[in-house]
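Here's the structure we're looking at; comments come further down.
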């Protein structure tokens, strides 16, 4: 997945929604140093790692409410950058944290189940995040 | 006294009562406070001493009134001293005797039965109950008012839109009709042209000067040169051109209103408007630099432009010289698409990237936007987008900061408000701000279920921008709610654009630019205002270019002196005959003809145009003098 990143034909697979991400790239004043988008992306990477740590801690203390809030938070920024797969998992975390089902509509009583699902989603989120992070680092290193 | 007797149970009794009892057990106080003679009451003999020395020891205060109040709470009652007239208290006139049925000397157990009166606690709660409803009612009132305002707005908007729609429908019908007529006419003209054209060209370039030709021909250099007798005998051509004129007159009107509608619709739904706007902006931003700006710009207007062109052919014939069959190519209908394709992709990709950074949507002044967002990523991107739309941005990290800013009196044109934020969420912040400020507030959120949205509106939000937002959705929002900051009221725009369109192929500028490339064009491009499609500004540039054009033409033709020729242009074409030559160069023909169209504008054209221009100057009468 994280292979060829020719400057123009970005190849991030389905990790990244290109129309969204290109909007950010469009905001770069200089195509070459990509200062703006780079700052945003790397800011996000850092923010996401911190958030994952907080999620782990909240998972350990079984704080569903906090997990939901963290999920929502990271969902917003990942969505804005077009990191859709990360976004999807964050949304799951948000919903399960609020004791809702994946669609965010039905209620779930079983908190243990929610925690289990969140743990799953978090693992998936980290995995897909690591992919995107690697792609991004490569992309910005090359460009 | 069996002081120890009831200690166990004493735990149940109230602190206050036990303290009271204990105090009374102290014989040293007897002169100040003691059990009553009957042992079923107690008496404060020396009010002052009691207050100053005993109260502090046992109750940690020296306020007789609160002591009494507390007694009352436990249902002690002051024994009335004057039950019988003139009766004085057995303990002296200044004595205070208090009594409680369960408060008796030597009966510590019964202390448990002394409780705080129910009424006491009840009172405060009753108070609360009274207050809360009032607050709630206030709140509900406010909400009601807000809702009714919103309802009113909605119904107004609905009415507006309904009207608009009707108008649009009517206009569409009319346009359909006119277009049909138009097509008929054009078909007639064309068939005729085809038949006559070949012959006549061969015959000589002198041609007969049919009045219609004159009218129609003006645009084309040929026509100019050929003929201009306006009052020539009738011929199929003349007939056709008359029809055309009729059509034009009608259509001009229609188109005008169409454009207004179009603009209106921009304002209200804010949906349709943006795509063009965006393009315009891009064009505008790019134009100054790109040589082909004119062509691109021309395109922007195409929706209208197409119509315009159809409707207001240059002069009457859009640069189609009846004498030359090749001119068929100049028929406006076919042109737009051709130009569209090339320009579009270019704009999208080549320009899109970089130039889009600065896209002034055409504000009369920079809108001030408050961006309330706790997530740094969204805040930066949102801010950057806004910046690219030439807005002045302030940001707040949460609802509290936002409310503070508004409270401090900072004025904004719009507030973009995240919903879920620490300290104070966006809905609450909006609710607070609405108590004293009406700045449009847009909810920026991914929670867009209908009940969420309903809640946003209930608390005074004006709109919802779903997250993740895009540049376009953000711009839509701006244009929708800040239409009053647009540089030109949309209604006013059409005229200029129409004007441009009247020189149908200002777009031809593309070719022009190459040679003429001219400073003149850049002004056009630099017009940031999207409403003025490139064409608009293009008009004048073209004029300016004209000399250049002529110069070019001079190469092919005797036209060299051209700048002056235009003047003579509408003096039918003897002199002009020599000029026909240019047309033999097919490639340039179009531009030339157009150019000449432009030229005619400037001079001879004016006269004629006034004639039918008058109805709708706005319609972009070529208004030669610009």
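Positions of Cβ are set from backbone N, Cα and C atoms, glycine also.
The annotation coiled coil is assigned in TrEMBL to B:137-164. Mean predicted confidence for the coiled coil (B:137-164): the pLDDT average there is 90.
The annotation compositional bias 'Polar residues' is assigned in TrEMBL to B:286-297 (among others).
Marked as compositional bias 'Basic and acidic residues' by TrEMBL: B:338-354.
The feature compositional bias 'Polar residues' is assigned by TrEMBL to B:498-511 (among others).
Per TrEMBL, the feature compositional bias 'Polar residues' maps to B:518-534 (among others).
Positions annotated as compositional bias 'Polar residues' by TrEMBL: B:542-565 (among others).
Annotation comment: TrEMBL describes B:574-586 as compositional bias 'Low complexity'.
Annotated domain 'Response regulatory' per TrEMBL: B:368-482, in sequence order.
Residue environment of residue B:418 (4-aspartylphosphate) contains 27 other Cβ atoms, counted within 10 Å of its Cβ in all protein chains. DSSP assigns residue B:418 (4-aspartylphosphate) to a strand. As annotated by TrEMBL, 4-aspartylphosphate applies to B:418.
Positions annotated as region 'Disordered' by TrEMBL: B:269-298 (among others).
According to TrEMBL, the region 'Disordered' annotation covers B:331-361 (among others).
If you look up TrEMBL, you'll see B:486-626 (among others) marked as region 'Disordered'.
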What does the DSSP secondary structure composition of the domain 'Response regulatory' (B:368-482) look like, as residue counts for helix, strand and coil?
50 helix, 24 strand, 41 coil
